[in-house]
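So the structure is just underneath, and the comments pick up after that.
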């Protein structure tokens, strides 16, 4: 059994929904379909979800709302007309929206939650109606009916563990189940949404719940690339990568997924297949727990700038039990999250995203480190980029470090920092931000130029 | 003005003391001479300090002690006879030892402290007498007279800041001042010793106190070597290195000095010259605050085995503010001191000396990390060696990393870990312990084989 999720751009118009229909029908294992709200049809189009937020805010402000309401209904109607689905479903959607709008508004946050979630909810109804109109057995299944319970955290709801047993029972249902993404219900019966990319989260939870063989995630790219296409022209695609590799890559700008979305599937060991709705015959990229290493030690290269380093040295620091812990404690008290902590014998460098600190915070942090840790030197360096060279194959490959370092040296790039832990699934190089693109290109040339895609 | 310190092997016999005399007299700047107790004359000889500890323990146990006492007096007498110094000084030493032995023994720790310190104290008297017998103006100066006050920590006394002003007044004294190393006096008048290599500490404190131009430290090696001579045959000598380089090297087995010994000289910016009593014309090695880089990027290579790594991975660890701090807190609660903490995105590796943990502690540590941090994986790997490639010149030298990594790769050695912070004065490679010697040899060949000594 496969759980298949389609994003907003895959459902933005009747033409797109037809593609979805064909994709789902082409494989009888595709039993559970998770849908987003209709997304953008062209680059300055407005997503239905954003229209719903405007409508909700207008309601709360006591303004007239008929124009906003009609604009939303129009989006659904256009899709329904294009697909020749009976307008009864549009009446149902209008009724549903008017019913939400007439709800108690004493808790405006919960009101907006319900309004936002209706985008996915009503789209699921529309798509189920379309499948039915084509004589396919399909059922709209609401998260409430499925038993998808979540915590009471608006915009950041967390699945409650008991949901998984409820969801397992979906296996007994016949036909294709169309489930709206993005939200669940609290035990009190309120609608609560997940964090961003919430439909990915729903798909991942469902894949775990029904113990799917595969979680297919349809987007609008053919695959995950070995390197950012805005840095290297036409980079090679990745066919298969592990969860760990995906995480290491996505960390530095490779965000096909919002990472948290995959946790439920990851925990259940379910592979995720990234595919393109607009090019479903492309092989896509598969994210797995383990893979054979067939393509050289490195699977991808990611990079990001906007980092700074705090360098601290103190004679005999190495002898002081607790020095590192006290340093991290100070950063924690400023609510600063750090990335890496490379160290020498008597020095330690903390690498963190520089947008976390304004000049005043910076001064305060330096002062506290000097005062409380009696450091000899505390220096901040700005405008650094981190480059992650990622690949499970590095683990057993003598010489990967040497190749990477040589590629950078040959390109005349100074390595400010290196960090490679014993997991050996990645290697981090810190360079000056202005060297970032040249560094990535040099590493790509070293590891991929001669490898067939 | 120079402060000159001689170790135990430089003072083990009359012949050795004569060398010391000639060295001191050959440079009129050598005004303050710090002496150790007589050391070993041959490899299974007994140091006077160890004899004194036996004598002290016998006293505490109420045993007869004349044999032990005579053995010690014999060491001093042999030196005095060889140097043709009047036996009056031996009588003085005997009187001093008998006076210590008759002291109050209610505090056995302080009793042993006084007994141990007498080795240096009486040797200083003997050497002053020898200088005087050669018609040189020389004075024995006790730490009490000099105002060298320390904290009340037996075996680990710390200098009190007020001492430095007292010691500055030694500049006004005429002649050569012979000062015993290894101990100071508490404000209550008790003798308290420094930690190991205590005479180096005394010399360093005196150099700071009198604002010496140079602190000369005479030992029995010609120089600090670029690499451990037990791994590489006849390695090149280091002419000049910085305090930071010395620290990074000494960390992993390069212990010419007990590191803490140099803090007072380091804080005052006083260079330290390492020389050989048995070959004083050899140029030796100078430790300075800053040096010109003339000899390639790397100044030395050090290594040590006996490390282990604790590898911890957890999906989305990177998002958890406080994860690293909590981890270090757990280690601190087990009183474990760690060396480095290289990290990936969702994993972190802690490298520490493995002799700190027995199997039970290991199990406890793993359990707490699993329970409290909810880690997905916690693994300990044993039998690791760390190799430090050290040099201030690495900072501005594109390609040093590449050369080092390539040398290791060419030797077929897998790099388990790399750590290089933004100080760039050192680069750490973690390898399997059984690869340590080959790795050091490969790096030595890369960085030194073609460089003239």
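Any Cβ shown, glycine's included, is placed from N, Cα and C.
Per TrEMBL, ATP binding site is recorded for A:5, A:6, A:7, A:8, A:219, A:220, A:225. Residues or ranges marked as substrate binding site in TrEMBL: A:49, A:120. According to TrEMBL, the domain 'ACT' annotation covers A:389-453.
In this structure, the CA atom of residue A:5 (ATP binding site) is 12 Å away from the CA atom of residue A:120 (substrate binding site). Around the Cβ of residue A:49 (substrate binding site), the same chain contributes A:8, A:37, A:116, A:119, each under 8 angstroms and 6 or more positions distant in sequence. The DSSP breakdown of the domain 'ACT' (A:389-453) into helical (H, G, I), extended (E, B) and coil residues amounts to 32 helix, 13 strand, 20 coil. Take the binding-site residues A:6, A:225: by the count of other Cβ atoms within 10 Å of each Cβ, the lowest one is A:225.
In the three-state DSSP scheme, residue A:7 (ATP binding site) is classed as coil. DSSP classifies residue A:120 (substrate binding site) as helix under the three-state reduction. As a whole number, the greatest separation of Cα atoms within the ATP-binding residue list A:5, A:6, A:7, A:8, A:219, A:220, A:225 is 21 Å. Between the CA atoms of residue A:225 (ATP binding site) and residue A:120 (substrate binding site) there is a gap of 29 Å, rounded to the nearest whole number. Looking at residue A:7 (ATP binding site) and residue A:120 (substrate binding site), their Cα atoms lie 10 Å from each other. Of the listed binding-site residues A:120, A:220, the Cβ environment within 10 Å is emptiest of other Cβ atoms at A:220. If you take the Cα of residue A:6 (ATP binding site) and the Cα of residue A:120 (substrate binding site), they are about 11 angstrom apart, rounded to a whole number.
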